[in-house]
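Here is what Swiss-Prot records for this protein:
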BINDING   G79, N110  anthranilate 1 binding site
BINDING   G79, 82-83, S87, 89-92, 107-115, S119  5-phospho-alpha-D-ribose 1-diphosphate binding site
BINDING   S91, E224  Mg(2+) 1 binding site
BINDING   R165  anthranilate 2 binding site
BINDING   D223, E224  Mg(2+) 2 binding site
Amino acid sequence: MNTILNQIYLGHSLTESETYKLFKLIMTGKINDIQLSSILTAINIRGESENEIIGAVRACLKYSKSFPKQNYMFSDIVGTGGDSSNSINISTASAFVGATCGLKIVKHCNTSISSMTGSCDLLKEFNIDLHASCEKSQNMLNKLNICFLFAPKYHANFKYISLVRKTLKIRTLFNILGPLINPSKPPLSLVGVYSTKLMVPMANVLKKLNSYHAIVVHSDHTDEVTLHDSTNVTELKNNNIISYTLCPDDFGVKYYNKNAILGGTPKENYEIIKYVLKGKGPHAISETIAVNVALLLKLYGNENLKKNTKCALKIIQSGKVYEKIIALSKF
């Protein structure tokens, strides 16, 4: 163990096997908080390697609660967070829209660690049950096209790292792990990352995890598609990885100011998103959500991004998404 720790402190990367061993100790509470703080900080300063990410993922999944295997295609839309953008919860709003479009979505979610409002903080405002049983979540997925898997419920061993993460208040390797340890193991994933340096490594890890089709995005220090700048995309499809850039024109929409999608507290984000998903919100927000849904639709074989964006906007403007949320809150 000391050898592994010394490697980290000297700025050296670990192998997949070494990381797996280390994270098994972390997941079973055998690494104290002081050691854990120094490990996470040292890795963050140096930068996480692909081997470290995949080793940590395998260790976390070993101790996670499983979710039933599905007999149909489904996806997750999730970001690493840690981007300090303080935007409204675009991925969560996009998940609601995607489900209303008829897509099956199993969203892995958590409360905020390094930002003001996490996905679960918003879901609580919408009165959605975060502690639903596997059976209830499965029924919700079957009947309403979407369910939410609350990370602490499925990763009980994260209790050993939660205090350190909250105390550090910086992005760590666990930000990267979040999108990769969905207990349902979705074959389709739209993943936002906080840095372009993570895009290809994230795609490679998803490939090693047997992802069928995944799209990794980053735009101007933001872990989602934005309309104030171009969006970097790395796509995994048919075991091939390609990278390209998208701009608002590719979706058939215009540029907007970055401040147009700023969020705030859970209550503030709830009010904004509720208004938007009732079909009454600002174009900047509804169109930002729509372009993220456009890429989500692409995962399911719908290649025309302009058509996808129009479809998402039509659903948003109809108010049907808010009706979906009400149904979820009453389920």
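Using the three backbone atoms N, Cα and C, a Cβ is placed for every residue, glycine included.
Keep in mind it's a predicted model, so treat the numbers as computed, not measured.
Where Swiss-Prot records a feature, it is marked here on the structure.
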residue	record	Cβ neighbours (10 Å)
G79	anthranilate 1 binding site	28
S87	5-phospho-alpha-D-ribose 1-diphosphate binding site	23
S91	5-phospho-alpha-D-ribose 1-diphosphate binding site	26
H108	5-phospho-alpha-D-ribose 1-diphosphate binding site	24
N110	anthranilate 1 binding site	21
T111	5-phospho-alpha-D-ribose 1-diphosphate binding site	19
R165	anthranilate 2 binding site	19
D223	Mg(2+) 2 binding site	27
E224	Mg(2+) 1 binding site	28
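Within 10 Å of the Cα of D223 (Mg(2+) 2 binding site), not one of the binding-site residues from the list H108, T111, R165 places its own Cα. In three-state terms derived from DSSP, T111 (5-phospho-alpha-D-ribose 1-diphosphate binding site) belongs to neither a helical nor a strand segment and is classed as coil. Neighbours of E224 (Mg(2+) 1 binding site) among the binding-site residues G79, S91, H108, N110, R165, defined as a Cα within 10 Å of its Cα, are G79, S91. S91 (5-phospho-alpha-D-ribose 1-diphosphate binding site) and G79 (anthranilate 1 binding site) are 7 Å apart (CA-CA, integer value).
Cα spacing between S87 (5-phospho-alpha-D-ribose 1-diphosphate binding site) and N110 (anthranilate 1 binding site): 16 Å, rounded to the nearest whole number.
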